Amino acid sequence: MAFISEWFWFFLCLPIAAVGGWVVGRRGGQRHSENQVSRLSSTYFRGLNYLLNEQPDKAIELFLHIAELDKETFETQVALGHLFRRRGEVDRAIRLHQGLVNRGDLSDAQRVQALLALGEDYMKSGLLDRAETVFTELAQLDQRAPQALKHLISIYQAERDWEKAIENATRYEQVTDEPMGKLIGQFECELAERYRAAGRLDDARAAINRANAADAMSVRAGIIEGRLESDFGNDEAAVRAFERAARNDPDYLPEILPQLVKNYRNVGDIAGARAFLAEMTEHYRGIAPVLALTRLMEEQEGTAPARAYLGRQLKDRPSVRGESALIDLTLAEGADPVATLQDLKHITDQLLVRNPAYRCTRCGFGARTHHWQCPSCKEWGTVKPLLNYAVL
């Protein structure tokens, strides 16, 4: 019924389009013949009858005939093509919009509109090469064609043509004043990864520099730089790059720390590593820097101080991985099992309090109490107990 409703309102607009075309023709000294107007009217009502009887395909075919009879219905034909595309009949949309593009009587604005519609048809059908050709033509025809540029960015992302993606993103930013630095930074990082894999050190560094210029807070650029410098044994440079990335976004510490600690070891600066990890525990609530610092502490000071430190930290940031590490240290130390169990019980209780007991199977919303209607997506009967939840 939703589809029928769309076409119903669409066909109600047809008489307006037809009358508008007739008025324009009259002002220009041309009249539709009475027979043509009669044919349009008759065809329109036949199409409306098909629509009301839920026969949209027959109605669509009749409207295509109306479009052939009256060339003034440009906007209507474009809209019809959009409806074809939304319905999944992309071939029909392409045929209709291609016909509009081929017309020689379009204004520049109409040609831009028709090209944009045709390019979107090609994208919908997965014909990215044709879409690229259309949007490139459109960008040349209209120097301020932001939609064409945006589509080209999407196409080049899909094709992994990062140079062209950067070119069009830069142009889009110039045309619209919409910041594109973060996206351009990601594209430059893709290039840097490619150059790194190929062993092209200078090109990789240049791409990293461009990524940092586009997005000064790019954590990815710092991670790639750290890995690149590690590849070539430049441990001090790797440490600087990794630390910068971690400070830009501490959430990526689990990705950064394994290699960073290795770099610190290679330069013989364990004190520097411990200082940095201690700093990160103040800015990041996860367990990664705590575990890394615990390992270094165990190496330098022994198992007991490391176990005591980890136990204190887990009271504020309970973690299953932290529990596992605490058990390992306890076994290695031969500590009092009762005290250890009390610590583990406290950590486990904290985890149970923080973790949801229910989750919506539709949107993933987590809750501590049950809701028959999901507070997030408003769906009924989808919030269910998790498999590990039980009331004793």
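Quick reminder: no glycine exception, Cβ is built from N, Cα and C everywhere.
The following features are taken from TrEMBL:
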TRANSMEM  6-25  transmembrane segment
TOPO_DOM  26-392  topological domain 'Cytoplasmic'
DOMAIN    358-385  domain 'LapB rubredoxin metal binding'
BINDING   CYS360, CYS363, CYS374, CYS377  Fe cation binding site
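When Cβ-Cβ distances below 8 Å are used as the criterion, the domain 'LapB rubredoxin metal binding' (358-385) is approached by no residue of the same chain that is at least six residues removed from its ends. Sitting within 8 Å of the Cβ centre of CYS360, CYS363, CYS374, CYS377, and not among those site residues for Fe cation, are the Cβ atoms of THR361, ARG362, GLY364, PHE365, PRO375, SER376, LYS378, GLU379, THR382, VAL383. When other Cβ atoms within 10 Å of the Cβ of CYS377 (Fe cation binding site) are tallied across all protein chains shown, the result is 13. Cβ neighbour count for CYS363 (Fe cation binding site) (all protein chains, 10 Å cutoff from its Cβ): 14. Using a 10 Å Cβ-Cβ cutoff, CYS360 (Fe cation binding site) registers 20 neighbours. Summarising model confidence by region, the topological domain 'Cytoplasmic' (26-392) averages a pLDDT of 81. Of all the Cβ atoms in the protein chains shown, 21 others lie within 10 Å of the Cβ of CYS374 (Fe cation binding site).
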